[in-house]
Amino acid sequence: MTENPPRRQVRPVVENPDGTTSRTPIRDGRPLLNFRSPRVTQPPQHLADMTMDERITVVKEMGLPGFRAKQLSTHYFVHHTTDPEAMTDLPKDRRAELVERFFPPLLTEVHRLRTKNGDTIKFLWRLFDGALVESVLMRYRNRITLCVSSQCGCGMNCPFCATGQQGLTRNMSSAEIVEQVIRANQVIAAGELADTSGEDSDMLGNPAAAVGSEADEEQGREPTCASGAENGPGRAERVTNIVFMGMGEPLANYKRVMGAVRRFVEPAPAGLGMGARRITISTVGLVPGINKLAAEEIPVTFALSLHAPDDGLRDEMIPVNTRWKADEAIDAAYNYYRTTGRRVSIEYALIKDMNDHAWRAELLAKKLNARGRGWVHVNPIPLNPTPGSVWTASEPAVAAEFVRRLQDAGVPTTIRDTRGKDIDGACGQLAAAQ
Ligand code: SF4
């Protein structure tokens, strides 16, 4: 079925540094993509950068018994503290030295924004070298989700994204990624994230799951935290779900992102002891990275930010599509499902008149169904626009039609809530405003 008459097609146009305009940012006539971190300096090594064995080696080098590494890890990953005064099980005369060696300060809070009802908090952090990154903490009915950054800026240059406009400054270290979660846990423990345990609903008014974990809930794979999995009675509340949907392309910083993921899933006190399925890694389609992730045997939830099923538009919206085409990215996502057994998510930012045409929903459904049934879930998300951007979210009726076409074709589809509209919720907006 096609639309009659067809709606207009708006295409991305960006202004290049030399004053010319093009569909996507270009340099020397080629799409501008930056896979390498230009700034190589990394922060001092932190406990969260090390495996437990490495921590033991360091404490022994300091002339202390190996079990001190476990105690330090418990303070960090269980009690979420780096305060030497709280570490009463460590020798008093060595505490300051241990804290200095294992817990160099990584994130300084620069700014915090809360939604009116207080269930969403956006943080702006300054890193040791002055680089700025963001994270967003969101309370939902059954979980607390933190959206983390993995790079300072991003080299993928998607023209509709505030972070993409900043370019890539450097990769974040594993510990800088982990520390975002620890700091969020401290904020939750201090009671600063409002408890609005009302119903969440999607844009169409249906009860909805949210960022990164629809697949789990719909597959019934894991009980919700409200039923005791994470934040049940008698347990201190903490972040239950992590999504790599903040600043940066996580698969372009593969090694350090995986270091952080290991810290998230390792049982306490080596790490936070979270379930892998509660961690979502989202990519714009770096195919070799997706295949590597599939082989890791850490079955995180995988999300492909597709945003367009046709290469004509996707080449312009997601410059990395000029390297790996939409079909290659979908094949890699399907391979992830086949290797891990984990159903994957397709993220699709609905942008008015750009990619929200009903025929695109049908083309997407056709491409997904061609690989099989039951392996994928589509999450259309009305765009959270960048200030000053010419693009805006699709009309609700258009979004509803987009969803209907996918559902009619048998593709599980849930339109997602966009949190934090009143606090510059789209990633990169706070950092860009500094
Ligand atoms: S959408 Fe994602 S990959 Fe694209 S520029 Fe923004 S942060 Fe980078």
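Using N, Cα and C of the backbone, Cβ positions are placed for all residues, glycine too.
Those TrEMBL annotations? Automatic predictions, nothing curated.
The model shown is predicted, which means the values in this text are computed figures rather than measured ones.
Annotated features in TrEMBL:
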{"type": "REGION", "residues": "1-44", "note": "region 'Disordered'"}
{"type": "ACT_SITE", "residues": "Glu134", "note": "active site, proton acceptor"}
{"type": "DOMAIN", "residues": "140-422", "note": "domain 'Radical SAM core'"}
{"type": "BINDING", "residues": "Cys154, Cys158, Cys161", "note": "[4Fe-4S] cluster binding site"}
{"type": "REGION", "residues": "196-233", "note": "region 'Disordered'"}
{"type": "BINDING", "residues": "Gly248, Glu249, Ser282, Ser305, Leu306, His307, Asn384", "note": "S-adenosyl-L-methionine binding site"}
{"type": "ACT_SITE", "residues": "Cys427", "note": "active site, S-methylcysteine intermediate"}
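Positions of TrEMBL features highlighted on the structure.
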residue: Glu134; record: active site, proton acceptor; DSSP class: strand
residue: Cys154; record: [4Fe-4S] cluster binding site; DSSP class: coil
residue: Cys161; record: [4Fe-4S] cluster binding site; DSSP class: coil
residue: Gly248; record: S-adenosyl-L-methionine binding site; DSSP class: coil
residue: Ser282; record: S-adenosyl-L-methionine binding site; DSSP class: strand
residue: Leu306; record: S-adenosyl-L-methionine binding site; DSSP class: coil
residue: Asn384; record: S-adenosyl-L-methionine binding site; DSSP class: coil
Where the criterion is a Cβ under 6 Å from an atom of ligand 1, which of the recorded positions Glu134, Ser282, Leu306, His307, Asn384 meet it?
none
Going by Cα-Cα distance, which of the recorded positions (Glu134, Cys154, Cys158, Cys161) sits nearest to Leu306 (S-adenosyl-L-methionine binding site)?
Cys158
Cβ neighbour count (within 10 Å, all chains shown) around Cys154 ([4Fe-4S] cluster binding site):
28
State the count of C-beta atoms found within 10 angstroms of the C-beta of the residue listed as 'active site, proton acceptor', not counting that atom itself.
28
Could you state, as a whole number of Å, the largest distance between Cα atoms of any two of Gly248, Glu249, Ser282, Ser305, Leu306, His307, Asn384, the listed S-adenosyl-L-methionine binders?
18
Please give me the CB contact count at 10 A for Leu306 (S-adenosyl-L-methionine binding site), counting all chains in the structure.
26
PLDDT averaged over the residues of the domain 'Radical SAM core' (140-422)
86
Closest of the recorded positions to Glu249 (S-adenosyl-L-methionine binding site), Cα to Cα, picking from Glu134, Cys154, Cys158?
Cys154
What number of additional C-beta atoms lies within 10 angstroms of the C-beta atom of Ser282 (S-adenosyl-L-methionine binding site)?
22
